[in-house]
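See below for the structure under consideration.
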Amino acid sequence: MLVAAFAGGVLGAALGALPAFVFTGFMVVAGEMARIAGMVTLDEGFGLGDPAGAVTAEIAFGAFFGPHIAFAAGAAATAYAAKQGYMEPGFGGNWGYHDGKNILIAFAGKHDDVLLVGGAFGVLGFLVFFVSDGLGLPWDPIAMGVVISALAHRIALGYDTIGDVRADGILDVSPFEREDEHVTTGEAGEPDPRLDVEPWLPWYYQWSGVTIVGFAFGVLGGLTFWATGSPYLAFGISAASLIFLNLGITDDFAIFQVPVPVTHHITLPAATAPMAYAGLTLADATPSTAQAELLLAEAIVLGAIFGILGSLFGELSQRIFYMHGDTHWDPPATSIVATTFVIAILALVGVFPTSGWVPLPV
């Protein structure tokens, strides 16, 4: 698996972090539809599809497109390329923010050393997942792999962990609203002048809007679990929807053609909480068991609560770890670690009968 993880990391650097994650979404949708089809037909006495969920587990969340491998490696490769001064106008170097945050850029055919860095961080992401999952640590091990990889690439490449806070507190976004700037050297991927604050999604950071989106997509996540028995399908749809974000970028970050919300950190906990509340696991969650153990109203209410929680955690993490920094620290992954930890704790103290798919200590 280490060789496969290295290959997946190279893919993440070659394809680009966000494009690779969009493919994660495509494969989750395909894998979960195959799994659902397999479970339904098995109930009817014959087998079609993929009831074991191998496509989701081994392709979407494995070495090929697992976010802890491909996405995290792509983000690390971008951070390295920015530090080396490889990015320039026309190739990711004119988008307004620090070049180390430009996770849309593909490096295939550009610089071999960038691909090798991607491979190395692909291995790191797998190792974090392997240890976290093996020990049953109470959070999503894939999301934790993305978070630890971001911390590691900042430390290893000489970036500040948080960055320079040029605002009235770490959560203050008002300098961005005023378009406050400061002079820089213009080297190692840093634009000159540079915005004092660089919010993750510059069209989508107000707490009210974040809450509304969290509620809406949380409801849809809960509904999706109730209808399908899949805790991952809504996540896959959210991830796949980022193709519009990816295609909406120009070389000037200020000119975004399709400013869509990012919602996979909303829909995943919104679908997982009803699963845990219903006492189901991946082994027994089917459309029929989900609907037998869970009222639609319960799924929707839990989805709304955990969708809002995921959305707020995402915004909080971007204000702490992203907008003052120089590289991409993924707010959704950080949020997913937090929300899955909450679900695991609720299971450990007996509020939920199970933790769904979230690992628990043995």
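Along the chain as shown, the residues are counted starting at 1.
Every residue gets a Cβ built from N, Cα and C, even glycine.
Curation plays no part in TrEMBL annotations; they are all automatic predictions.
Since the structure is predicted, the reported quantities are computational estimates derived from the model, not experimental observations.
Taken straight from TrEMBL:
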DOMAIN    1-360  domain 'DUF7973'
TRANSMEM  6-29  transmembrane segment
TRANSMEM  114-132  transmembrane segment
TRANSMEM  204-225  transmembrane segment
TRANSMEM  232-250  transmembrane segment
TRANSMEM  262-282  transmembrane segment
TRANSMEM  294-313  transmembrane segment
TRANSMEM  333-352  transmembrane segment
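Taking residue pairs at least 6 apart in sequence, the transmembrane segment (262-282) and the transmembrane segment (333-352) share three or more C-beta contacts under 8 angstroms. Contact count against the transmembrane segment (232-250) (Cβ pairs under 8 Å) is highest for 6-29, out of 6-29, 204-225, 294-313. The domain 'DUF7973' (1-360) scores a mean pLDDT of 92 in the predicted structure. Same-chain residues lying 6 or more positions outside the transmembrane segment (114-132) and placing a CB less than 8 Å from one of its CB atoms are 1-2, 5-14, 63, 66, 68-70, 72-74, 76-77, 80-81, 84, 86, 107-108, 139, 141-142, 144-146, 148-149, 152-153, 359. For the transmembrane segment (262-282), same-chain residues at least 6 beyond its ends with a Cβ under 8 Å from one of its own Cβ atoms are 25, 53, 140, 201, 204, 213-214, 217-222, 224-226, 229-235, 237-239, 241-242, 245, 289-290, 293-294, 298-299, 302-307, 309-311, 313-314, 331-333, 335-336, 339-340, 342-343, 346-347, 352-358.
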